[in-house]
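Undergrad: My questions all concern the structure below.
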Amino acid sequence: MTSTPTDPKLSAERFFDEGKPVAYATTKTFDSSGLGAYYKPIEAYEGFHRFDPDFTWTMEEEKKVVRTIDWRICTWVCLMFFALQLDRGNISQALSDNMLGDLKLNTNDYNTGQTIFYVSFLFAEIPSQLISKRLGPDRWIPVQMVSWSLVASFQAFLSGRTSFYITRCLLGLIEGGFIPDNILYLSYFYTSSELPGRLSWFWVSYQSTQIWSAFFAYGILHMRGINGMSGWRWLFALEGTLTGLIGIISYFYLPPSPCQTASVFRGKKGWFTEREEKIMVNRVLRDDPSKGDMHNRQAISFRMFWDGLMDWHMWPIYLIGLSWLIPNQPVSAYLTLQLRSMGFNTFETNLLTIPAYVLFIIQLLVWTWFSEKINDRFLLGVAGQLWTLPLLVALLLIPANTSHWVKYALSVMVVGHPYIHAILVAITSRNAGTVRTRTIASAFYNMCVQASNIVGQNIYRNDDKPMYRRGNKVLIALCVYNIFLFIFAKYFYTSVNKKRAAKWDAMTTEQKEHYLSTTKDKGNKRLDFRFAH
C-alpha cells in the first residue's frame with residue numbers, strides 16, 4: 001500500500017446507482033473517511049490491473065460473486081481441512097480398536113507420541129508459511145497433503161514405540177503450517193467481516209470429520225483380521241490414501257488468486273469475468289488496503305520476518321492462543337479412552353462421540369455469527385470459559401462411582417464448548433495490518449495453539465486416572481486465568497484505538513493528507529489503523 005493519491009474524487013461515501021447502494025470505499029481496518037485516494041496497492045500486486053478507485057457495482061453483483069467464491073474456493077478449502085483432520089484425528093478411532101495394546105504402549109507413551117507430533121507441528125508452522133508465501137498456497141498446500149498422506153498410510157505398518165514416535169514426528173513436520181497457509185489463501189478472496197464466517201465453516205469441516213470418521217471407523221474397524229491386519233491398520237491405510245487423492249486433485253484445482261483462475265483444468269476463460277474480477281479486487285482492497293502491499297508469490301525477507309515477529313501489538317492474541325483451549329483439550333483427547341473405560345465396545349465408543357461433535361459444530365457457528373452481529377470478540381472468549389468452568393468443577397467433585405452416563409454427559413458438554421477459534425484466527429489476520437505480518441502472525445498464533453495442545457496433552461497422567469482429580473484442578477485454574485486474559489486483551493485494544501482516534505480526529509484534513517503522504521509507519525502502527533476487539 002502506497003501513500004500516493006490516485007484520484008482526489010474518491011471519497012469514503014457510499015456510491016449510489018438509481019437509489020441502490022453499490023461499492024463503498026470505506027475501510028474496516030483504516031479510518032480513511034474522505035481520504036480513500038491515499039490507499040493504493042503496489043504495482044506488483046497480482047490484482048493491480050483490476051484496481052480502480054472509481055469502480056462501482058451493485059450489491060446484487062457482489063453477492064453473486066461472493067456466492068461463487070464460497071462454492072468454488074471456500075468449499076474446497078473445507079474439503080482439504082477435512083482431509084487434514086481425517087489423518088490427524090483418526091488416531092482417536094485407532095485407540096478404540098486396542099492400538100495401544102497391539103503396540104504394547106501405555107497412556108504415557110501415547111502422551112509422548114502426541115507431544116512429539118505437536119512439537120513437530122509447532123516448529124513447522126513458520127517455515128511452512130515462508131515457503132507458502134514464496135511458492136503460493138495454491139502450490140504448497142497440495143504438496144503438503146500428498147506428503148503427509150504417504151506417512152499417514154504407512155502407519156498401517158507400525159511395530160512399536162519407536163515407529164509410533166517417528167511417524168508422529170513426520171506427520172507434525174509435514175502438516176504444520178497447513179492451517180495458516182489456508183487462512184492466508186482465503187484472505188485473498190474475502191473481506192475482514194466475511195472471513196470469520198468462512199473460517200467457522202473451515203472448522204465445521206474439521207469437527208464434522210470427527211462425525212464422518214466415526215462412521216468410517218465403524219465400517220473399517222470391522223476389517224480386523226483381513227489379511228491378518230488389525231482394524232486400526234486398515235483405518236490408517238485407507239484414510240491416508242483418500243487424503244492423497246484429494247491432495248492430487250487440489251494441485252490442479254486451486255487458482256493462485258481471484259484474477260488468476262484461467263488454466264487448462266479450470267477453463268481457458270477462468271471462473272470470473274473481467275467485471276467480476278474488478279469487483280473482487282476492489283471490494284477486498286477497500287475493506288483492507290494492506291492486502292495490496294505484496295504480490296502472492298513474493299517471499300518474506302528476513303527484515304519482514306523479524307518485524308512481523310516483533311510486532312508487540314499482536315502479543316495479547318498470542319498469549320490467548322497459549323492457553324484458551326487447554327481447559328477443554330484433555331477431555332477431548334481422552335473421550336474415546338474414557339468411553340472404553342466405561343465399558344462401551346469399540347463401535348459403541350465411536351458412535352457415542354458424535355453428540356459431542358454435533359454440539360461443537362452448533363456452538364462454533366452460533367458464536368462466530370454472534371461475534372460479527374454484536375461486533376465483539378474477546379468478551380465472547382470470556383463466555384466460552386464460563387461455559388467450561390462449572391463443568392470442570394463438576395468433573396472434579398463427582399464421586400468415582402457416579403453413573404457412567406453422568407460422566408459421559410459432562411464430557412460431551414466440555415468437548416462441545418463454545419469454540420471461538422475461527423474468531424481468533426480472523427482477528428489475528430485482521431489486526432496484522434500488513435501481508436508480511438499477517439503471514440507471520442497467522443503461523444505464530446497457530447504455534448501458540450499447538451504449544452497449548454502440548455501442555456493439554458500432558459495434564460491427564462497415568463497415575464491420576466480414572467477421575468483425573470489433579471488434572472482437573474489444573475484445568476480449573478487455567479480457566480480462571482483465561483477469563484482475566486480475555487478481559488485484558490479487550491481493554492488493551494480498545495485503549496490503543498481510543499488514543500489513536502483522539503490524535504487522528506484532532507488533525508485537520510491537510511494534516512491527515514500530509515501524514516498519509518509522508519508517514520513511514522506501516523500496517524497496525526499507523527495512526528489511521530484500528531484494531532478489532
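One-based numbering along the chain as shown.
Glycine too: its Cβ is placed from the backbone N, Cα and C atoms.
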Undergrad: In TrEMBL, one of 65-85, 170-190 is tagged transmembrane segment. Which stretch would that be?
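TA: Checked against TrEMBL: transmembrane segment maps to 170-190.
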Undergrad: Quick test of the contact rule: Cβ under 8 Å, at least six residues beyond the ends. What residues does that give for the transmembrane segment (405-427)?
TA: 179, 183, 192, 195-196, 199-200, 202-203, 207, 317, 320-321, 324-325, 328, 331-332, 335, 338-339, 342, 352, 355-360, 362-364, 367-368, 371, 377, 380-381, 383-384, 387-388, 391-392, 394-395, 398, 442, 445-446, 449, 532-533
Undergrad: Tell me, please, if the transmembrane segment (315-337) and the transmembrane segment (202-221) are in contact, taking contact as 3+ Cβ pairs under 8 Å between residues separated by 6 or more positions?
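TA: Contact criterion not met.
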Undergrad: Can you work out which residues elsewhere in the same chain, 6+ from the ends of the transmembrane segment (349-366), have a Cβ less than 8 Å from its Cβ atoms?
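TA: Apart from its flanks, the transmembrane segment (349-366) reaches 92-93, 96, 200-201, 203-204, 207-208, 210-211, 214, 217-218, 221, 335-336, 339-340, 408, 411-413, 415-419, 421-422.
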Undergrad: Would you say the transmembrane segment (202-221) and the transmembrane segment (378-398) are in contact under the rule of three or more C-beta pairs closer than 8 Å, pairs 6 or more apart in sequence?
TA: no
Undergrad: For the transmembrane segment (474-493), could you work out the same-chain residues 6 or more beyond its ends whose Cβ comes under 8 Å from its Cβ atoms?
TA: 316-317, 319-320, 323-324, 326-327, 330, 378-379, 381-382, 385-386, 388-389, 392-393, 396, 431, 459, 531-533
